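One structure is given below, encoded as structure tokens.
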Amino acid sequence: MSDYKFTLNLPETEFPMRGNLANREPEMLERWTKDGLYQQIRDSRIGRTPFILHDGPPYANGSIHIGHSVNKILKDIIVKSKTMSGFDAPYVPGWDCHGLPIELKVEQKVGKPGQKISAAEFREECRKYAAEQVNGQREDFIRLGVLGDWQNPYLTMDFSTEANIVRSLSKVIESGHLHKGVKPVHWCTDCGSALAEAEVEYEDKTSPAIDVAFVAADSKAVAAKFGVSDYSHPVSMVIWTTTPWTLPANRALSLSPELDYSLVEFEKDGVTQALILAEVLVESCLTRYNVESHTVLGSAKGAAFELVRFNHPFLDFDVPAILGDHVTTDAGTGIVHTAPGHGQDDFVVGQKYGLEVANPVGDNGVYKPDTEYFAGQHVFKANDNVVALLREKSALLNHVAYRHSYPHCWRHKTPIIFRATPQWFISMDNHGLRTQALKEIEQTQWIPDWGQSRIEKMVENRPDWCISRQRTWGVPITLFVNRETEELHPDSVSLMERVASRIEQQGIQAWWDLDAAELLGDEAEQYRKVTDTLDVWFDSGSTFSSVVAARPEFHGHGVDLYLEGSDQHRGWFMSSLMISTAMNGKAPYKQVLTHGFTVDGKGRKMSKSIGNVIAPQTVTNKLGADILRLWVAATDYSGEMTVSDEILNRSADAYRRIRNTARFLLANLNGFEPAKDLVAVEDMVALDRWVVRRAAALQQEIIEAYEQYNFHIVTQKLMQFCSVELGSFYLDIIKDRQYTAKQEGHARRSCQSALYLISEAMVRWIAPILSFTADEVWQLLPGERDAYVFTQEWYQGLKSVTLATDLSDDYWQQLLTVRNEVNKVIEQARRDKRIGGSLEAEVTLFADAALTEQLTHIGDELRFVLLTSEAKVLPLADATSEAVETELASLKLLVASSTAEKCERCWHHREEVGTIEAHPTLCTRCVTNIEGDGEVRLFA
């Protein structure tokens, strides 16, 4: 055999079977960086149609988690596939760099601004900290194989971006959308300042829980809504609250529109009255009020009482009943005391009804001098006095001490209050922002499509946007306000441009360093500088203008796609929509794609306490980034994305299937030079032409799936092709021809040409997803080529050629089905020890007339398709009793062990082995392939 071994065309490649991705990928990254790969891609697309995916900036704090990885990998797949489709698709990653979490981290290191460190020094420390965080996250993102302008990302703290954020605000102001108002915030009376959510801790506290009656301004009319006519006793709505001190600020009573309310009459202490209570809470309430017997006079929905007036229990005005979604029946009466100046829900519903945002409480937690009854009292100490006054006014139905969870200041560990403070707002309705935003939502493509109704509901119901914050590390609201009238300076827009020019040179500190007289001259004494900073959502929400419109690589082209997690309907998608519509009257994006959150194998959120966190760094260090990328691509991102070690191991198994296919292709292109060896598709063996045709059709399906962002369909089709059409059929069949045919003969070159065309196409199909592996394959493909697959376009060499004499795709599909049936019978014969390998088998196919015509069409080459040494086709009626039935009614099979000698070179059992004097151990075909012109194959 050794003499003939060297006449075989054995596969050979440097492409290793094991990916060893964890070690090899970093080496590839080094080469990508050294070669300036991203710039090579940019250069290859100069002048092409732009496609702009704008990166929603992650927050520059902490390490990246699996959700970050999903997001960046999805973006990278899209950018690479769009580039492959010929677009100029730059990717500029960004980071959100201002805001409270960074302030808190820096506070822990250097103390609060204004105490141990000046505000200017504090901002500089925040800038340094954010830069460190960006550097750490950047390395992790690069490790994932994400290509982008990593050396020149956008940061919201870049001086130029900070300046452009100010310019965006000036355009919003110029369009008339800014107004000043008040909004309740967490307020620490010990700090004398507002607290952000992150500065609030919840501890148990004992508070007075009271039930208070608000008597109807017109009891008879209210009773009539319950179907009770000419009612002569007082009718009251009852609220339950644990903050009696907020009652001076009460401006409404909130009911749930669809909840059933009862009118309940009873007599107590000689007085007959009727109370309005939620139907499901009547019994528990009356038990609290020590009412022994009562009569239900009627029932009505909450919606019936909208804008009906009720008297304040101790102040000389009445308040409306209003409707709110925040009303529940978990506790209390089903009617909520509403003080817009002292609660977020109260404020939101108050905005809807145009209620006064009353704030009788000063910075120090003491009632202001004009507060009737309680002026000069601290709110918590006033609780008892409020209760006493209610008792005196006969409005108190119940009073108990109540233990509950209550917000406390994280620094002082003392209870805090909600308190309305002056803030800056973008109005939703003063200049039609809400209406226009809803129109723009309709013009945008939302993927998945339920995203549209979700953001529509949010826009329909959202209050004005409070854009001001009382923070140190943020872009300043660069306004001058008249000290007497509180009006903006009439030249605010031009003044903001002058400030922006300074910020462009010196950063946001330029605002705090600015002496008003430098810009206002003699007017400086009449105006004060606003010291508030912008909500960080304004920073990121304006990047379509501050970054995309400003950077040259975007060519002034608008954004095509925003892509973030599904929580961003409320976040970045919303803030971007509001700012763009306020500035330009249109949405900042054409498409918005959202992906679900990552959960573990049991559907639980990632949690350190549960111990189910999958860190992307761990995955890349153990399995490699391509495995993580394949998991992301193969998962339907429209819902929750399930990940676990087991799931990632399954991805690794799928990866091996693709890698093994690539290795087979490369190994069998050994010695193939496309420039001289490529066989035209129309001249190929029929089976080769069929597989090229299948690949061409598949390429169209894959491109379409990429276009529709259906990456899980890309991976499904790729796996199907590798496993079934190639792995189980084509590659299996051609091994004999590839290894044993004449090296330079048509039969082999036809096969190699098909493998080459498939390889050229497949390396491009996988490049957006399996980027490292695609690069590895690309470097080993034969023929002259550019340095990187990522600068290429979809392969144009796949031709869907069908000759008149060709067998149809249905024909080959039928042969695949027949072959599967033959394999089952051969496998059983092997288990029964009747044969060894399939080449020891001779198979007789008993087929009906139609199937016989198909099977005999390819003559003796049928045996090559079936991988047997002999294949005979006989009429189905001739089937012997030993013939095995198959799943095809038209086919029965009989397998026997060949009695012919085995060819030493090709291992086929042939009658002529031993009859050729010069080569007694070979078959005629092998002799032809060694010494003659090579065998002729027409079909397989």
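Going from the start of the chain as shown, residues are counted 1 onward.
Yeah, the Cβs are placed from backbone N, Cα and C, and that goes for glycine too.
Per Swiss-Prot, the features are as follows:
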{"type": "BINDING", "residues": "GLU564", "note": "L-isoleucyl-5'-AMP binding site"}
{"type": "BINDING", "residues": "LYS608", "note": "ATP binding site"}
{"type": "BINDING", "residues": "CYS903, CYS906, CYS923, CYS926", "note": "Zn(2+) binding site"}
{"type": "MOTIF", "residues": "58-68", "note": "motif ''HIGH' region'"}
{"type": "MOTIF", "residues": "605-609", "note": "motif ''KMSKS' region'"}
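Recorded features from Swiss-Prot, shown on the structure.
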| residue | record | Cβ within 10 Å |
| --- | --- | --- |
| GLU564 | L-isoleucyl-5'-AMP binding site | 20 |
| LYS608 | ATP binding site | 7 |
| CYS903 | Zn(2+) binding site | 25 |
| CYS906 | Zn(2+) binding site | 22 |
| CYS923 | Zn(2+) binding site | 28 |
| CYS926 | Zn(2+) binding site | 26 |
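Using the Cβ center of CYS903, CYS906, CYS923, CYS926 for Zn(2+), the list of other same-chain residues with Cβ within 8 Å runs, in sequence order, THR740, GLU904, ARG905, TRP907, HIS908, ARG910, VAL913, LEU922, THR924, ARG925, VAL927. Reported as a whole number, the C-alpha separation between CYS926 (Zn(2+) binding site) and GLU564 (L-isoleucyl-5'-AMP binding site) equals 60 Å. Sorting the motif ''HIGH' region' (58-68) by DSSP state (H, G, I as helix; E, B as strand; all else coil) yields 3 helix, 1 strand, 7 coil.
For the motif ''KMSKS' region' (605-609), the DSSP counts in helix, strand and coil order read 0 helix, 1 strand, 4 coil. Under the three-state DSSP scheme, CYS926 (Zn(2+) binding site) falls in the helix class. Distance between Cα atoms for CYS923 (Zn(2+) binding site) and GLU564 (L-isoleucyl-5'-AMP binding site): 64 Å, as a whole number. Confidence across the motif ''HIGH' region' (58-68), taken as the mean pLDDT and rounded to a whole number, stands at 93. Of all the binding-site residues in the list LYS608, CYS903, CYS906, the shortest Cα-Cα distance to GLU564 (L-isoleucyl-5'-AMP binding site) is found for LYS608.
A distance of 63 Å separates the Cα atom of CYS903 (Zn(2+) binding site) from that of LYS608 (ATP binding site). In this structure, GLU564 (L-isoleucyl-5'-AMP binding site) is part of a beta strand by DSSP.
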